[in-house]
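Colleague: Sharing a structure, written as structure tokens. Questions coming.
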Amino acid sequence: MNRILALPMKTVGQMVAAGEIRPGQLADAALKMTVAIKPLNAFVTVTGELLKQQSRDADERQMTKRLLGDLDGIPIAIKDNFCTGEQLTTCASRMLGNFVPSYDATVYRKLKEAGAVLVGKTNLDQFAMGSGTVDSYYGPTKNLWGSSFMQNYSIDGRFHVDDIGRSNGLSGTEDWYIAGGSSGGSAIAVLTGTCYAALGSDTGGSTRNPASHCGLVGLKPTYGLVSRHGLIPLVNSMDVPGILARTVDDAVAILNTIAGPDPFDSTTYKRVYTPIQLPARVDISGLRIGIPKEYRCSGLTNEVESNWMQVGQLLEDAGAHILPVSLPHTEYSIVCYSVLNQCEVASNMSRFDGVEYGFRADEYSTTKELYAKTRSQGFNDVVRSRILTGNYFLLEENYENYFVKAMKVRRLIAQDFDKVWQSGIDLLLTPTMLNTAPNYSDFISQDNQTQCSVQDYCTQPANMAGIPAISIPIKLSNEGLPLSVQLMAPKLCEKTMLAVAKWIEDVVKFPVLVLKDDSLIS
Ligand code: GLN
């Protein structure tokens with residue numbers, strides 16, 4: 001049983017189909033795992049009762065040979081900014097601390113219709129504003145790598161996890177590495193084995209960032225390929241549901257389930273989605289892969305850079321053409337995003353006023369005071385500051401100078417990518433992050449904006465351009481922390497990108513974590 005939580009989703013799906021394991025048994029193990037990993041704080045809500053009900057239904061379908069497909073009975077988790085009907089959806093905030101939506105986000109509905117069962121709602125930076133999962137109303141999420149809890153896992157039998165725990169000098173209680181964010185809870189939920197895949201959201205990198213820091217696959221699809229209906233918005237023009245999984249195949253299986261047009265989201269592509277099937281053997285010879293020089297920037301650590309170059313070399317040795325390219329406006333991405341983010345935040349957050357739903361301040365004598373108190377008590381500093389700055393940028397006298405200018409810069413960033421694709425480049429290869437997971441106390445010594453400017457440097461441009469991107473784990477750093485690379489592709493070219501990601505995955509064989517024994521889940 002201890003190995004089962006680490007198996008590829010497809011294998012587990014086949015075991016369910018063959019009647020070798022009951023969905024109820026999987027759910028039971030997943031639930032016990034959520035209890036065991038409580039100190040890592042990956043979940044805002046464990047949906048235990050719902051999980052039991054959903055897995056009983058799956059058991060029934062298994063017995064009567066009416067399984068709904070490969071995902072039937074498979075435990076998954078969802079970031080707590082996606083609406084789940086009748087289940088708390090908090091955005092890790094006080095504002096929505098008691099919010100129970102009456103409807104499901106489209107992505108959750110589709111997963112349910114495929115038979116997947118929900119383990120819980122995962123932790124995030126409040127309203128997904130952050131890059132570390134350190135700014136949640138419910139406390140930060142801790143990384144498993146380098147934590148004392150790692151002693152419960154072995155890595156592929158290749159080396160002992162205990163050695164890694166020691167070599168980085170973390171005892172687990174004094175200090176710890178951040179999980180990355182803002183979908184850090186989803187990453188840790190998958191990494192520890194409480195579920196086989198999880199949904200994150202990705203506005204500036206929030207799926208790829210924790211995937212990179214946790215050693216997982218993190219997929220950000222093309223903007224509009226997957227419905228945002230029921231995803232509580234951060235920046236509507238950039239938000240996409242993202243996928244955290246242990247393997248590329250698992251990410252593809254989830255993407256194939258959630259992608260496609262949705263009448264509830266007018267920004268989804270209208271074309272019917274054709275499920276992606278990756279070839280058993282991927283041939284990368286002749287592919288033209290660009291290395292953008294702007295990603296070799298200050299703050300990039302030597303280890304991250306040499307990992308990036310090594311992956312480039314592997315691809316070249318296998319017959320791909322590795323070509324230097326330039327995306328000259330890359331360095332403006334962060335500041336441009338910051339303006340656009342705060343403008344959209346100012347408008348999106350205005351719905352939370354204590355009147356319709358969510359938190360309401362106790363004492364007030366006027367409507368104005370009700371709004372002010374509710375919003376100052378219901379939001380953290382980060383959210384409040386973004387609302388204020390956004391409203392400043394949107395003032396009539398500032399609008400042209402900030403919002404309109406930022407929109408123009410956004411177009412230049414998107415055009416950089418267009419030019420590269422037009423020159424015949426198929427994919428771009430970059431690091432996902434400039435560094436490995438920072439430790440918590442170093443990280444929180446910087447403010448949210450500074451954190452994001454470093455953490456989102458490599459991931460943010462893909463959101464500006466609406467293109468797909470994926471983070472793939474490669475190896476462990478000297479400190480024993482995951483190192484990864486990012487691939488980016490033209491819009492709707494997920495298939496090529498995922499095929500190359502799978503090729504890389506097969507070559508580098510990033511270790512899988514396996515529970516050492518059954519005691520935690522039996
Ligand atoms: N770090 C960025 C922000 O705080 C992006 C977050 C995200 O992708 N959700 O806005």
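Each Cβ is built from the backbone N, Cα and C atoms, and glycine gets one as well.
Sharing the record's features from TrEMBL:
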ACT_SITE  Lys79  active site, charge relay system
ACT_SITE  Ser182  active site, charge relay system
ACT_SITE  Ser206  active site, acyl-ester intermediate
DOMAIN    35-148  domain 'Amidase'
DOMAIN    177-498  domain 'Amidase'
Colleague: Between Ser182 (active site, charge relay system) and Ser206 (active site, acyl-ester intermediate), what is the CA-CA distance rounded to a whole number of Å?
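Modeller: Checking the Cα atoms of Ser182 (active site, charge relay system) and Ser206 (active site, acyl-ester intermediate) gives a distance of 5 Å.
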Colleague: In the domain 'Amidase' (35-148), how many residues does DSSP call helix, how many strand, and how many coil?
Modeller: 33 helix, 19 strand, 62 coil
Colleague: Which ones in the same chain are close to Ser206 (active site, acyl-ester intermediate), with CB under 8 Å and 6+ residues apart in sequence?
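Modeller: Non-local contacts for Ser206 (active site, acyl-ester intermediate): Leu124, Ala128, Ser131, Gly181, Ser182, Ser183, Gly200, Gly242.
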Colleague: Could you pull the average pLDDT for the domain 'Amidase' (177-498)?
Modeller: 97
Colleague: How many other Cβ atoms sit within 10 Å of the Cβ of Lys79 (active site, charge relay system)?
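Modeller: 32, counting other Cβ atoms within 10 Å of Lys79 (active site, charge relay system).
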